[in-house]
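Q: One structure is given below, represented as structure tokens, and several questions about it will come after.
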Amino acid sequence: MTNSTDRPVSVSSWRTYRRLVAFAKPYRLLLVAALIAALIEAAGTTGFLALMKPITDETFIYKNAEVSRWLPVQIILLFVVRGIAGYITDMAMGKSARSIARDLRIKVMAKYLRLPGSRFDSEPVPSMLIRLGSDSDQVAQAAVDAIKVMIQQSLQVIGALALMLWHSWQVTLTILVLAPVLAWVMDKVARRYRRISHSIQESGAHLLQAADQTLSSHQEVKIYGAQQTEMERYGALADRNLRLAMKVESTRGISTATVQMIGAIGLSALLFVAGAQALAGRLTAGDFVVLMTSMLTIIPGLKQLTNVQNMVQRGLASAERLFSVLDSPDEPDQGAVALTRAKGLIEFRDVTARYPGQVNPALADVSFIAQPGTVTAIVGRSGSGKSSLIKLIPRFYDAEAGQILLDGQPVQAYALADLRRQIALVGQQVMLFDGSIAENVAFGEMRSADASQLERAILGANAMEFVAQLPEGLQSHVGAKGGRLSGGQRQRLAIARAMLKDAPILILDEATAALDNESERLVQDALHKLMPDRTTLVIAHRLSTIEHADQVLVMDQGRIVERGTHHELLAQGGLYSHLHGMQFRERQA
């Protein structure tokens, strides 16, 4: 069925930054406000450092009483302004960054719903949840915390350096000799964080997938005594995640120690050159204190800038994972033929279909016609291609060769939304959402249905007998995946949903395979009310349920090997007769 590069880190980062900037455009006023406030905050820090000269010279050396009176007031005012600016920075950055993450999350979710069915075969749902959950949060965290720290600390470092240049350019230039070494260290740290971040996120997705599989199948795990096996598998994945996390910690530790060592060398150079300047009479005690406090402000700022690289690179790696989804091609949808309500004539002409990466086709040269208002049953052993055939009609997948026609037109000629509007589906695994019964029946485009339409559908599906007994009736919540209801009750709600849709084509995918006799009787009765005047395709496990079908297609290894009515196929004594005989003997036993 049709349907980690080694790019240079700097190029990849720049492309990702540019795309994130596009998402930031709606919030540019907030970001400008955050930048202005950050400038004021940095200016406050620089102003405080500048006050070190009059504090030292005027207060302690020249004993100037007037300065001692106005300096405390000035410091208080300075920090009030700085605090207000910091609050504005935090709020503006937080609002814009969280909004960007929300927009990304919504766009990725919408994109997943437009992707072809093959994507859901190749990417497990836990991986999708990682992208929608933690990846989006990582982008927000990088934008809120990391970018905020980078802006604030960068401005403070620049302000402190400017102040140092003003007081002694000779001392400052001596220290700036170390800048290329520091830049090299930070670049190496960023590259390493970037590589590890990708691996950690993939490792986290594998951990979540393993936990989802084990916990979802907890009954089988307990029955077969597989707890130890599953824990060993999960433990191995957790160990790999730990090793990657320790690489991050190792990188952080080494980079922090290196930055501190460079800072210590710079501080030593400052003391040496400043001492020489003071002996020559070119540097006062106040100048020295300003240089010293500025240097002591720069060192932790550089340390924070180095440490925050991990957060930034995690955010960029997460953004790339999200963008890879957004860049995936949508389901092909170029249909232009108008379709309000189909007659329901379905024709397969020499259809061959193959799943991606598979050598053998799922379907091979399949041809048949389903007339409007008739019932076509599709039977065969497990893996014979029954479900694959059904998935081609609503174009969850596209055929590799041949044609599928609806009312004489290839299904590709219709817009996907119009085509799928003609189809109602009742499967073996009914998916109900965590909401009320009414919300689950009047689902999607049917949410505008009135109460009388909803009640008729519920009654027709034989569901009112249990709905009426619930405390809140139609407004009763069904729980996650319909967990508060039995299998038969969920199935009848699915039939009510199909009745309310009133589509001309009905697909029943083993709708009664997992039900007990009483539930099956109620569901079969509801289906008999639903099927008239529709083109119905039934995948049947219990052959006794399709004895009155207008035609039966018997499939084996992706091909139709027999076709005819129930009685005609029994008389032929072929595969259908064999399958029917096996089921009859099982019932007798």
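Yeah, the Cβs are placed from backbone N, Cα and C, and that goes for glycine too.
When I checked Swiss-Prot for this same protein, it listed these features:
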| type | residues | note |
| --- | --- | --- |
| BINDING | GLY380, ARG381, SER382, GLY383, SER384, GLY385, LYS386, SER387 | ATP binding site |
| DOMAIN | 32-314 | domain 'ABC transmembrane type-1' |
| DOMAIN | 346-582 | domain 'ABC transporter' |
| TRANSMEM | 29-49 | transmembrane segment |
| TRANSMEM | 70-90 | transmembrane segment |
| TRANSMEM | 157-177 | transmembrane segment |
| TRANSMEM | 261-281 | transmembrane segment |
| TRANSMEM | 283-303 | transmembrane segment |
Q: Give the one range among 70-90, 157-177, 261-281, 283-303 whose Cβ atoms make the most pairs under 8 Å with those of the transmembrane segment (29-49).
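A: The stretch with the most contacts is 70-90.
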Q: What does DSSP say about SER387 (ATP binding site): helix, strand or coil?
A: helix
Q: Please work out which residue of SER382, SER384, SER387 has the most C-beta neighbours within 10 angstroms of its C-beta, and give that one of the binding-site residues.
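A: Counting every other Cβ within 10 Å of each candidate, the maximum falls on SER384.
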Q: Through the lens of DSSP with three states only, how would you label ARG381 (ATP binding site)?
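A: For ARG381 (ATP binding site) - judged by DSSP and reduced to three states - the answer is coil.
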Q: Considering only the recorded stretches 70-90, 261-281, 283-303, state which has the highest number of Cβ pairs under 8 Å to the transmembrane segment (157-177).
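A: When the Cβ pairs under 8 Å are tallied, 283-303 comes out ahead.
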Q: Got a sec? Which of these binding-site residues, ARG381, LYS386, has the most Cβ atoms within 10 Å?
A: LYS386
Q: Least buried of the binding-site residues GLY380, GLY383, going by other Cβ atoms within 10 Å?
A: GLY383
Q: Same chain only, please: residues at least 6 beyond the ends of the transmembrane segment (261-281) with a C-beta under 8 Å from a C-beta of the stretch. Say none if there are none.
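A: Here the qualifying positions are 168, 170-171, 174-175, 177-178, 181-182, 185, 288, 291-292, 295-296, 298-299, 302-303.
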Q: CB neighbours of GLY385 (ATP binding site) within 10 A?
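A: Its Cβ has 22 other Cβ atoms within 10 Å.
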Q: Within the domain 'ABC transporter' (346-582) only, compute the mean pLDDT.
A: 88
Q: For the recorded ATP site, enumerate neighbouring residues of the same chain (Cβ within 8 Å of the Cβ centroid of GLY380, ARG381, SER382, GLY383, SER384, GLY385, LYS386, SER387, site residues themselves excluded), in sequence order.
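A: The answer, listed by sequence position, is MET555, ASP556.
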Q: Could you give the residue numbers and ranges of same-chain residues that sit at least 6 residues beyond the transmembrane segment (70-90) on either side and whose C-beta is under 8 angstroms from one of its C-beta atoms?
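A: Answer is 33-34, 37-38, 40-41, 44-45, 47-48, 51, 54-55, 59, 148, 151-152.
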